[in-house]
Amino acid sequence: MELILALAIGVLGGSGVWLLMRPRTFQLIIGLSLLSYAVNLFIFSMGRFPVGAPPVLAPGTSGDPAVFADPLPQALVLTAIVIGFATTALFLVVMLAARGLTGGDHVDGKGRGS
Amino acid sequence: MPDALYLSAAIGLPYLGALVAALLPANARNLEAWLAGGVALLSLVMVWVGYAEVAAGGVPRFEVPWAPELGLNLVLRMDGLASVFAAMVTGIGFLVVLYARYYMSPEDPIPRFFAFLLAFMGSMMGLVLSGNLIQMVFFWELTSLFSFLLIGYWQHSSAARDGARMALTVTASGGLALFAGVLLLGHIAGSYDLDQVLAAGDIIRDHPLYLPTLILILLGALTKSAQFPFHFWLPHAMAAPTPVSAYLHSATLVKAGIFLMARLWPVMAGTDAWFWILATSGMITLLVGAYVAIFQHDLKGLLAYSTISHLGLITLLLSLNSPLAMVAAIFHTMNHATFKASLFMATGIIDHETGTRDIRRLSGLNTSMPFTARLAMVAAAAMAGVPLLNGFISKEMFFTEALTASTSPTLMHSLLPLGATIAGVFAVTYSLRFIHGAFFGPEARDLPRTPHEPPQWMRLPVEVLVFGCMIVGVLPAATIGPFLDVAVRSVLGDATPEYSLAVWHGVNLPLVMSLIALAGGVVLYLLLQRHLTAGVDGTPLLRGLDGRRIFDRVMVFLSWRLARTLERLLGTSGLQMQLRLMVCVAFAAAILALLPYELEPGSVTMTGVDPVVAVMWLVGSACAIGAAYQAKYHRLAALILLGGAGLITCMTFIWFSAPDLALTQLLVEVVTTVLLLLGLRWLPKRIEQAGASTIPARLRRYRDLAIAILAGAGLTALSYATMTRVSPEGIARHFLERAYTEGGGTNVVNVILVDFRGFDTLGEIVVVGIVALTVFALLRRFRPAPESIGVPDQQHGKGQDWLQIPAVIMRLMFPVIGVVALYLLLRGHDLPGGGFAAGLMASIAILLQYMAGGTRWVEDHLRVHPLRWMGTGLLLAAGTGVGAIVVGKPFLTSYFAYADLGWLGKLPVASALLFDLGVFGLVFGATVLILIAIAHQSVRSQRAAPTPPPSAAKGGYD
């Protein structure tokens with residue numbers, strides 16, 4: 001199981017890195033999103049992969065870390081997802097603005113629309 | 001008066017005065033002068049109070065702990081040397097203020113002048129009174145900075161700006177070298193405290209690091225005191241107002257280097273290296289400065305070069321490693337300050353009253369301004385070393401020392417008397433030129449102004465200083481003697497030699513040298529008459545040696561050519577290459593960090609493979625690779641595949657007990673996809689052509705593919721190695737145990753977000769808000785590009801009959817989604833949900849309306865004020881935190897209780913809920929703001945296209 005998830009992180013990250021080095025803005029945006037999946041999963045893996053562990057406490061009790069899912073990586077990843085969303089939106093707008101200003105979609109603003 | 005009080009007042013008063021002076025109105029010339037004069041005088045009184053204790057043999061000291069664990073304290077300390085320098089700084093400072101009151105024109109921005117002058121005075125006081133080396137360097141740099149501001153005071157003149165910049169570049173670079181040297185010195189001595197450093201002389205001189213330390217420290221001193229080869233900045237600093245020159249170049253700025261050398265003399269001097277560096281530099285400066293001074297046509301230029309020459313003389317004296325030379329050096333420093341300040345002021349008076357400083361135009365001022373002429377003549381005579389004036393006595397001491405030193409075997413030593421005499425000849429010549437050129441000869445007719453005597457108060461400072469020159473020259477032992485003695489004793493201690501301050505020592509060799517210098521100077525002046533009256537610019541023999549040109553060339557090389565070459569060689573403006581390098585560097589850094597630990601799988605036994613997860617990630621990997629493959633030519637397909645990978649990630653979160661993550665990821669996925677879809681139609685059309693790529697392009701792609709595979713493999717290896725190791729006991733226990741008992745919620749993730757780590761969340765929502773505002777601002781300014789896709793057939797005409805059935809459903813969903821959002825928000829503390837998810841959910845409700853009805857329809861029927869939502873949300877979240885302070889708890893401490901709502905169940909009423917409500921408001925507002933900003937682009941007119949718009953570039957989404 002660990003191997004599958006490690007491979008998944010690698011494939012997501014590798015695809016993201018590949019797109020990161022492409023010349024078109026849209027490729028970059030997709031690449032960053034893929035990369036953020038990989039990184040989120042990697043951070044999440046710090047809590048390991050408990051199947052069926054209760055994530056929510058029973059009222060009036062305190063949890064035992066051996067039984068419950070590790071909440072800390074989850075909290076970190078949750079904020080990372082939201083921030084990732086915000087930056088994707090920002091990047092999308094920069095992409096549109098660059099397209100409007102340069103007439104193309106090259107990451108360096110080179111070339112025309114083709 | 002306690003030590004602490006007057007010591008800190010001596011430094012603090014000028015700075016305080018500077019602040020007040022800066023705030024006074026622009027036309028308050030008299031008030032400014034009163035203030036600055038009062039401050040200077042009061043500081044002088046403080047120095048006098050301290051001097052009383054210093055003269056009695058004490059060393060007043062005031063220490064404030066700063067970083068005691070590093071051995072660093074703020075130390076103010078006044079010994080003899082410091083008190084004499086401090087008295088010069090404040091005393092001459094007072095006279096300069098008085099003079100400046102009449103010199104500065106009403107049009108000049110006076111508050112700035114006096115504020116800088118006082119701040120500079122404070123920095124000088126800080127420098128001389130520092131008892132800690134690092135603190136001393138700090139004030140040293142402050143003097144560089146404020147002298148820069150003072151020299152460049154007339155900002156409108158390019159000469160002032162260039163001169164100021166040059167002075168700052170040279171002296172501040174020297175200051176950096178000094179800082180490095182002082183760090184070394186402190187390292188050798190084991191302390192930065194001046195007293196301890198001064199006690200460690202033998203250790204310092206025998207240390208292997210002595211030479212680098214010496215060179216670095218002397219670099220600082222020589223640049224500051226304008227010694228060869230760093231002398232060239234001083235003449236260009238003459239673009240400053242004359243009171244500034246009189247202050248900076250007589251008693252203060254350039255004497256800082258001398259002060260430093262005298263200060264460290266007991267520990268650094270006494271070696272061959274000290275002698276050779278300083279004697280060479282000092283000798284060249286002494287001779288070249290005096291020689292060049294003769295050929296200056298500008299009175300201030302003449303004084304500038306003479307200052308350089310006199311500083312060279314003092315440096316030479318300090319280099320001789322003899323206590324008697326030390327006495328002469330300190331004595332000449334004091335004398336030079338008095339006669340040079342008065343000469344600068346006299347020059348300023350001439351400039352002020354005649355409108356020029358050019359010796360070729362000036363002539364015969366003796367008749368129109370007789371008093372000023374007499375004063376300048378006496379001061380110039382002191383500069384030339386005429387008997388019965390103070391300059392004579394210190395020059396005699398210099399000659400004596402030169403003769404004494406010449407008994408040493410080296411060539412340098414035996415040349416000293418000759419060099420000293422020649423420099424004496426030159427000094428007489430340029431002093432004669434100053435007097436004769438300006439005051440004698442026929443009366444000049446074509447001066448810009450009719451010359452007359454200055455106001456009496458403007459002349460007073462000159463009178464005081466010239467009186468000082470005369471009285472010290474006649475009665476040295478009775479006037480300056482005690483002060484000199486205190487200063488010398490503080491440096492030399494028990495090694496203080498016997499010396500006599502007398503005018504007449506009988507007929508001896510130094511006297512003969514003086515007479516030769518006087519006679520030779522007169523003869524040289526007569527011989528040069530023809531050349532000087534011809535008015536040729538430049539210095540004979542040294543015409544090619546222009547310090548400024550060399551400096552400019554070096555600066556152009558460093559800041560322009562070298563920088564550009566390096567940028568061309570090492571930089572790239574292409575984003576692709578930058579990202580490529582970043583990935584490679586990150587990879588290499590990770591490998592390097594892992595090398596010592598041998599990256600191998602851990603010992604934890606793997607859990608069994610679940611076929612469902614395997615299939616899930618088979619699909620997920622296919623999606624990711626497909627997205628990467630299709631992103632160039634098939635954007636929609638790539639977007640859908642990206643969504644696929646996102647959904648698999650989302651399912652992974654569910655599978656492994658993270659419902660909160662899955663929920664948030666799902667919602668983000670929806671919103672992101674819609675936003676990207678909205679953006680797609682502005683991107684240019686790209687048609688795949690088979691076999692179009694060239695070989696280099698293909699090679700580049702193979703290289704990138706290799707990098708990507710390596711990066712992916714690295715990530716896999718890293719994750720695998722991590723996952724197969726036992727998870728260390730983290731802080732999870734802390735949160736799990738306290739989530740309910742102290743946070744009042746069963747959903748630990750949410751409790752962490754809104755309670756334990758609430759401050760982080762507050763920061764995060766601020767970031768989200770900033771991003772939304774940036775998006776909004778960017779899109780306000782930019783016009784969209786022409787659209788690449790024409791309007792679909794269904795949207796043509798007035799029928800608008802597209803998406804009718806889905807639109808009905810979407811509208812009906814609006815209240816449902818709203819309720820779900822509210823539900824998610826309220827239950828967040830105990831069950832998966834919370835402000836983030838609820839905010840995204842609510843924004844999806846709005847999103848659907850835009851999709852169903854179009855921008856115009858939605859905004860006719862529904863008004864969302866995203867900015868208000870964001871503002872309210874942020875205020876609510878921050879207000880919850882402040883509320884905790886109000887009731888006396890730390891920021892963001894939460895309070896909780898459960899409200900029983902009968903059959904509806906129990907509602908957790910925690911202050912964290914309010915905070916979560918704030919998060920909700922902000923996330924909702926920000927998302928909707930981004931959405932609206934992008935949606936509005938379609939309503940707008942398009943940017944005037946840089947390319948001819950495609951045939952069907954009309955219409956829009958609505």
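Keep in mind that glycine also has a Cβ here, set from the backbone N, Cα and C atoms.
Residues or ranges marked as domain 'NADH-Ubiquinone oxidoreductase (complex I) chain 5 N-terminal' in TrEMBL: B:70-114. Here TrEMBL flags B:80-101, B:113-131, B:209-234, B:246-267, B:273-295, B:371-393, B:413-435, B:504-528, B:611-629, B:808-826, B:873-892, B:912-934 (among others) as transmembrane segment. Look at TrEMBL and you will find B:130-408 tagged as domain 'NADH:quinone oxidoreductase/Mrp antiporter transmembrane'. The domain 'MrpA C-terminal/MbhD' feature in TrEMBL is assigned to B:622-685. Feature annotation from TrEMBL assigns domain 'MrpA C-terminal/MbhE' to B:699-796.
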Legend entry - Same-chain residues near the transmembrane segment (B:371-393), Cβ under 8 Å, at least 6 residues beyond its ends: 306, 310, 331, 335-336, 338-340, 342-343, 346-347, 349-350, 365, 424, 427-428, 431-432, 434-435, 438-439, 453-454, 459, 462-463, 465-466, 468-470, 472-474, 476, 480, 501, 503, 514, 517-518, 521
Inset, instruction - Calculate the per-residue pLDDT averaged over the domain 'MrpA C-terminal/MbhD' (B:622-685) and state the result as an integer. - result: 91
Legend entry - Maximum Cβ pairs under 8 Å to the domain 'NADH-Ubiquinone oxidoreductase (complex I) chain 5 N-terminal' (B:70-114) - stretch from the list B:130-408, B:622-685, B:699-796: B:130-408
Legend entry - Same-chain residues near the transmembrane segment (B:273-295), Cβ under 8 Å, at least 6 residues beyond its ends: 210-211, 214-215, 218, 222, 226-229, 231, 261, 302-321, 412, 415-416, 419, 422-423, 426-427, 429-430, 433, 524, 528, 532, 538-540, 542
Inset, instruction - May I ask for the residues of the chain that lie six or more residues beyond the transmembrane segment (B:413-435) and have a Cβ under 8 Å from a Cβ within it? - result: 283, 286-287, 290-291, 293-294, 296, 299, 302-303, 305-306, 309, 313, 316, 343, 359, 376-377, 380-381, 383-385, 395, 398-399, 402-403, 405-407, 513-514, 516-518, 520-522, 524-525, 528, 532
Inset, instruction - Could you break down the residues of the domain 'MrpA C-terminal/MbhD' (B:622-685) into DSSP helix, strand and coil, giving a count for each? - result: 52 helix, 0 strand, 12 coil
